[in-house]
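Visitor: Handing you a structure now.
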Amino acid sequence: MMQWSAILIRTCFSGSGGEALTCATSEQQTRPELCFFFSVRSSWPSTISDGACLALVSAEQGATAGRNTLSLRSMMATEDMATSTRSLRSQATNVDDDANVSIENRGMNPSVLTKLGEFASTLTAGNTANKLWLMADVDPKSAFKLLGLDMPGVRFIDNPKMLQWLKFTKAYLDMKKSGFGETSAHALLYEKIGGPDLSLLLLSLKDAPDANSLVQKLTNSQFGMWHDARIEPEQLAQTVFKIQDVRKLPKNDPKLQVIDDYAKYHRKHRKFLNSIMII
């Protein structure tokens with residue numbers, strides 16, 4: 001069974017056996033609302049690829065029969081969103097015929113799933129999750145886990161999920177939501193990636209659309225950490241990147257660009273500090 005790092009309850013619908021599996025996670029004890037992930041597995045019909053997570057919806061406990069009434073909260077985006085949503089609509093409306101299983105009898109309204117699929121088809125795969133996570137008050141730390149960026153061995157450079165997270169975090173910060181700021185974003189990335197690799201990652205994303213301003217702020221936070229540690233630009237190669245002789249690096253090595261950018265940052269802030277001391 002696929003593992004999800006967050007949001008309370010996972011419900012998987014089989015395309016053949018028609019069984020609905022629910023699994024509570026540890027967050028159930030800390031969050032007041034119930035949420036559901038609708039996800040697919042590799043054993044399902046070939047029209048849905050493994051890992052295509054389609055919907056995150058809230059579930060309010062029914063007042064009478066103890067049944068869950070589903071309402072739209074969010075939807076995950078993957079590269080297979082277009083295929084996935086079409087298949088979701090098809091399965092949601094035909095599940096009784098194909099598997100002889102009544103979702104209604106399980107306390108779930110199949111029309112909700114159909115509406116979820118129709119709603120997803122109006123959004124692009126690149127922004128679906130971010131827009132709906134914002135609607136669902138998902139914070140960047142949770143989004144980091146939902147995207148699998150907290151998993152051991154994950155690659156960050158050239159990872160589209162990393163860019164998606166940065167875009168989401170910028171949108172989250174622009175909405176001035178409390179509890180997570182630029183300092184929190186840098187601390188999260190620094191803890192997971194480390195200073196040297198983080199600086200290279202941010203360099204690779206400095207021109208990223210809808211995220212470049214946040215990338216620059218995170219870069220300044222990293223440079224500020226080195227500056228506060230009194231690391232001189234000429235020391236950065238050996239102290240941080242463990243390079244004994246920078247002259248042996250290719251001219252297009254991104255480490256040289258990081259060192260040069262840090263030198264500019266260092267000079268600027270040294271001039272600022274000197275001006276304060278003169279005053």
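Cβ coordinates come from backbone N, Cα and C, glycine included.
Sharing the feature lines straight out of Swiss-Prot:
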SIGNAL    1-20  signal peptide
MOTIF     86-106  motif 'RxLR-dEER'
CARBOHYD  ASN100  N-linked glycosylation site
REGION    129-147  region 'W1 motif'
REGION    153-174  region 'Y1 motif'
REGION    178-208  region 'L motif'
REGION    222-240  region 'W2 motif'
REGION    250-271  region 'Y2 motif'
Visitor: Using a cut-off of under 8 Å between C-beta atoms, tell me which stretch among 153-174, 178-208, 222-240 contacts the region 'Y2 motif' (250-271) the most.
Guide: 222-240
Visitor: Using DSSP, break the region 'L motif' (178-208) down into helix, strand and coil residues and give each count.
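Guide: Reading the DSSP string over the region 'L motif' (178-208) gives 22 helix, 0 strand, 9 coil.
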Visitor: Per DSSP, what is the helix/strand/coil residue tally across the region 'W2 motif' (222-240)?
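Guide: Helix/strand/coil tally for the region 'W2 motif' (222-240): 14 helix, 0 strand, 5 coil.
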